[in-house]
Amino acid sequence: MKEDQVVAEEPGFQDEEESLFQDIDLLQKHGINVADIKKLKSVGICTIKGIQMTTRRALCNVKGLSEAKVDKIKEAANKLIEPGFLTAFEYSEKRKMVFHITTGSQEFDKLLGGGIESMAITEAFGEFRTGKTQLSHTLCVTAQLPGAGGYPGGKIIFIDTENTFRPDRLRDIADRFNVDHDAVLDNVLYARAYTSEHQMELLDYVAAKFHEEAGIFKLLIIDSIMALFRVDFSGRGELAERQQKLAQMLSRLQKISEEYNVAVFVTNQMTADPGATMTFQADPKKPIGGHILAHASTTRISLRKGRGELRIAKIYDSPEMPENEATFAITAGGIGDAKE
């Protein structure tokens, strides 16, 4: 496959990827038996880093792993991984692995500092018809194209919670970028999630797939992240449980994005904010998911309608980009620049 060759040509990129995907089978050399390794893989833990990212308590909940075994596994994993501290310079070198996926609009990319970032969760929220699903579909195509900074392009996993995924839309967008329809559709793995639990289970499959084809997958899209939680947990009585389950899922997403160096893009809905009328806010709506989702998302983008097919994206929260706005258009070929 073409992506393999591109990645293989860059020795620096390859070394970094190697150290990123230390296979869990390496534990055999440190006295962990194959049966126990299989148990870890069954819950989506496929790398040494994955063990480091999982608490002892969570590992003890894996069927067939006793506390003594978990201690032994943790000890073996710690021998294989370097200690946790780096200088800021070393970390900045490590950050060079981070890539950006273009949104299809130069203005929008500029707003995001290059596009949708890997090793991070980017959340786009807005009312209906603000371009969230169109952006998801456009990213399915642009993530496959070679991009800036030696980005080789790669495959995508799309988890659909609202039945809004349309392969025909990808064909239209592929035409704009002059890419073969079948090749584009072949590189997108699609799954429909029916409940919030099912959504969580799919993430185990995602982790296994990312590990199996290390370095090939570049993007995970969930459209939309909160829809099923809204249905499965209704009313204030279930809010605490909903937020707890949501926190677990977002933590899993963060780990997947860092462990496999992929970009995670999620869309979110809006809700009326009953407290906003007291403070005379111009727009008394807010994204759902509360503080838990707000803290888990690395970059949050607010989308709103402009004139006609124009939409306005605003940085709502970002660790490095200033609060700013960009105007983009929804075209037949997906997200594009607004024509004056």
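Note that Cβ sites are derived from N, Cα and C of the backbone, with glycine treated the same way.
Since we're looking at a predicted model, the values are computed, not measured.
According to DSSP, Gly131 (ATP binding site) sits in a coil region rather than a helix or strand. Look at Swiss-Prot and you will find Gly126, Glu127, Phe128, Arg129, Thr130, Gly131, Lys132, Thr133 tagged as ATP binding site.
Just so you know, the Cβ of Arg311 (ssDNA binding site) picks up 26 other Cβ atoms within 10 Å once every protein chain is counted. The DSSP secondary structure for Arg311 (ssDNA binding site) is strand. Taken from Swiss-Prot, the feature ssDNA binding site applies to Arg230, Phe233, Arg236, Arg242, Arg311, supported by experimental evidence.
Taken from Swiss-Prot, the feature dsDNA binding site applies to Arg230, Arg236, Arg242. Look at Arg236 (ssDNA binding site): DSSP puts it in a helix.
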Using DSSP with the three-state reduction, classify Arg242 (ssDNA binding site) as helix, strand or coil.
-> helix
Expressed to the nearest Å, what is the distance separating Lys132 (ATP binding site) and Arg236 (ssDNA binding site) at their Cα atoms?
-> 27
By a 10 Å Cβ neighbour count, the lowest-scoring of the binding-site residues Lys132, Arg236 is Arg236
Find the one among the binding-site residues Arg230, Phe233, Arg236, Arg311 whose C-alpha lies closest to that of Gly126 (ATP binding site).
-> Arg311
Other than Gly126, Glu127, Phe128, Arg129, Thr130, Gly131, Lys132, Thr133, which residues of the chain come within 8 Å of the ATP site, judged by Cβ distance to the Cβ centroid of those residues?
-> Leu303, Lys305, Arg311
